[in-house]
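Record features, source Swiss-Prot:
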BINDING   C150, C155, C174, H177  Zn(2+) 1 binding site
BINDING   C166, C169, H183, C185  Zn(2+) 2 binding site
COMPBIAS  116-128  compositional bias 'Polar residues'
REGION    116-138  region 'Disordered'
ZN_FING   144-193  zinc finger
Amino acid sequence: MVLLQIIASQSYSIEVDEHSSLGNIFDLLSDQGILPKNAKSLHAFYYHGTRLNMNMTCADYGIIHDSAVHIAPLPSSCDIDFKDYSTSAFHLHFSPLTPNHASTEAVSNFKQSSTIPSISKSNLTNPPLESEKSSDKALLTRPATSRRRCCHPTCTRITLRLAGNCLHCNGRFCAAHRLMEDHDCVALFSLRKEEHERNRIKLEKEHGDTLISKV
């Protein structure tokens, strides 16, 4: 049995078998009401910045006791409110991404406004005039789709291409929020913890080598 730390804004706890699949862990959290029933299609587990396969197990990825595993929504998922289950043993912190509503509004406006003129027998016998052709082209012209906006909840600025993509939470951010500290990335806590652990091991090793050399 292993105890995993899943990083976001709230915490839960659950003991899982290291040979159980990650998909079964999703089902277990769904049964407790922490995640929705369709959580597998909306969220994914991440370990060291790599998205985990739902059919693999913790042992396959080398996830040991007290490892830091992240849960983050997929780019197409919506905001989800988690309930509080203090009896479980699985630390879960969740910071949902803000969905982009601009593109959906543009598509709905296009469906309501754009119409295709019908073809009658008179149109087949009498070719349309130049003025009619230009008006038909105007009706068939689709409105320009809006560019993607920053995933930060309080920002509506345009995202940076490539440089604004976060590899840890799959978010797309503007110049002001592209750094992990600026958009409160879900992986920031675990990365700092791993760096602290590496520094601790390095200092302990250097201290031990110093004592051996003095002896």
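Note that Cβ sites are derived from N, Cα and C of the backbone, with glycine treated the same way.
Here the features listed in Swiss-Prot are placed on the structure.
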residue : record                : Cβ within 10 Å
C150    : Zn(2+) 1 binding site : 24
C155    : Zn(2+) 1 binding site : 17
C166    : Zn(2+) 2 binding site : 21
C169    : Zn(2+) 2 binding site : 25
C174    : Zn(2+) 1 binding site : 20
H177    : Zn(2+) 1 binding site : 24
H183    : Zn(2+) 2 binding site : 24
C185    : Zn(2+) 2 binding site : 23
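C150 (Zn(2+) 1 binding site) sits 10 Å from H183 (Zn(2+) 2 binding site), taking the CA atoms of both as reference points. Put simply, H177 (Zn(2+) 1 binding site) is 10 Å from C166 (Zn(2+) 2 binding site) when counted between their Cα atoms.
For C155 (Zn(2+) 1 binding site), the nearest of the binding-site residues C169, H183, C185 in terms of C-alpha separation is H183. Across the structure, H177 (Zn(2+) 1 binding site) and H183 (Zn(2+) 2 binding site) place their CA atoms 5 angstrom apart. Residue counts for the zinc finger (144-193) under DSSP (helix as H, G, I; strand as E, B; rest coil) come to 6 helix, 4 strand, 40 coil. Confidence for the zinc finger (144-193), expressed as mean pLDDT, is 77.
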